[in-house]
Amino acid sequence: MKFIIKSISKNSGRLGQLRIKDSKELQTPLLLQTTKGGSIPYLSADVFGMVTQEQQVLQLTLCTMDQMAESLAQWNRSLGAYVGYPECNTVLLLRDPCEATPTGGNDRDVVPLFTRRGKESLTAERYLQLVSSFAPDVYQGLCDADTNQDSTKKRVQKSVDRTERFMEHCYKQHRELDRLKDSTLLAPIVGGYNTYARTQSIKHAREQPKGSYGGYIFEGFHTNGLPATSLSPSQLLPIVEHCVQQIEEELPRLMPGPLTPVLMLELIRLGIDIFDTSYAYCAAVNYKALTFSYTIDKEEHSVFLDVTDEAIREEFKPMLEGCKCLACQKHTRAYVHHLYKTNELLGPILLMIHNLHHYMGFFDVIRQSIAMDQLPLLLDYVRRQNMPNDVNYCIEPNTKVAGKAAMGKGVITAAN
């Protein structure tokens, strides 16, 4: 994996070019396509091809694909080809960013892997065996990321110490396993919200021989799923800034999870390069179409369209006027509301099509804003919409359920 910085701005972050193996050059900030079980949720590869024709990178998760390891060990083509996206590069993570990871189960020499079949205890050796079966283009090193803003100093320090032990094995085996010789390892930076612990984690990574890893992944700020949408910027951003100042500029930095648009923009200003589409997925399964505006010279919109709202049952216009996605070009708000009421699977399919299209368009504008050194203007514009104060979009437990086949487990609202 090769990463080149095209420009850096104190106010707007940085633009870069990323090349994974023999792929086309990918522009950063980059949006990875979140998957479940190797598939983009609700969409077939053919339908996703109607959402975008641009080169994409799949974010795969071991916790939703572990049962495929035995088959993949016999597979002699790319991991992307195995899941039906032969043209896509792959990034393999341990945990599903869309779902809250249960806490606990952190014994001295194992990390718990919560799969659809139950919990499996992973040693570093077992983890590398599984990763070797997958042979992804990029993968994260094994780490203890079971920390958040409420974690004690003792829990945080244990996460750092255990991660160092896991990574000693990962660094060694990464160089020796034949199926991983063309893969790039991402060094995990853990330590919760403790600057001392984060510095220790970074120091351990930087002490490794040059070329041991090809980038960083920031872990341990949240445990994924709905809680990640309510992170406090005032707590998170100073820690990220502290970390960024201590790592090499020439390596890409990934932060997974359903982070809000406002928080993503703040992180991009600090120099984070890679994110994922888990927030767009969380909106879709919670009855929300993303409708916030990211074009500064246009009028501001509400942040979401709630398709459960009875007020739209006779609105015969697109979910977002002017949107060029397949869902908005062919269907109305009234029809999507009807799909919700009747629990039709087409409902989340249309929402996923729209939300991915909207979010990828958002990242196109982000890159344009950085190039013109105008990211602060975009940040202020996005923050103002439906937000009276400096707040982010959070997800609250859902109280609206249409029936047994309801589309999701929570609703997204704009809140303090």
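Keep in mind that glycine also has a Cβ here, set from the backbone N, Cα and C atoms.
As annotated by TrEMBL, domain 'tRNA-guanine(15) transglycosylase-like' applies to 12-383. Here TrEMBL flags C323, C325, C328, H354 as Zn(2+) binding site.
Structure with TrEMBL features highlighted.
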residue	record	Cβ neighbours (10 Å)
C323	Zn(2+) binding site	18
C325	Zn(2+) binding site	23
C328	Zn(2+) binding site	23
H354	Zn(2+) binding site	28
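Across all of the domain 'tRNA-guanine(15) transglycosylase-like' (12-383), the predicted model scores a mean pLDDT of 95. Residues A289, P318, M319, L320, K324, L326, A327, Q329, I353, H357, H358 surround the recorded Zn(2+) site, their Cβ atoms falling within 8 Å of the Cβ centroid of C323, C325, C328, H354, which are themselves excluded.
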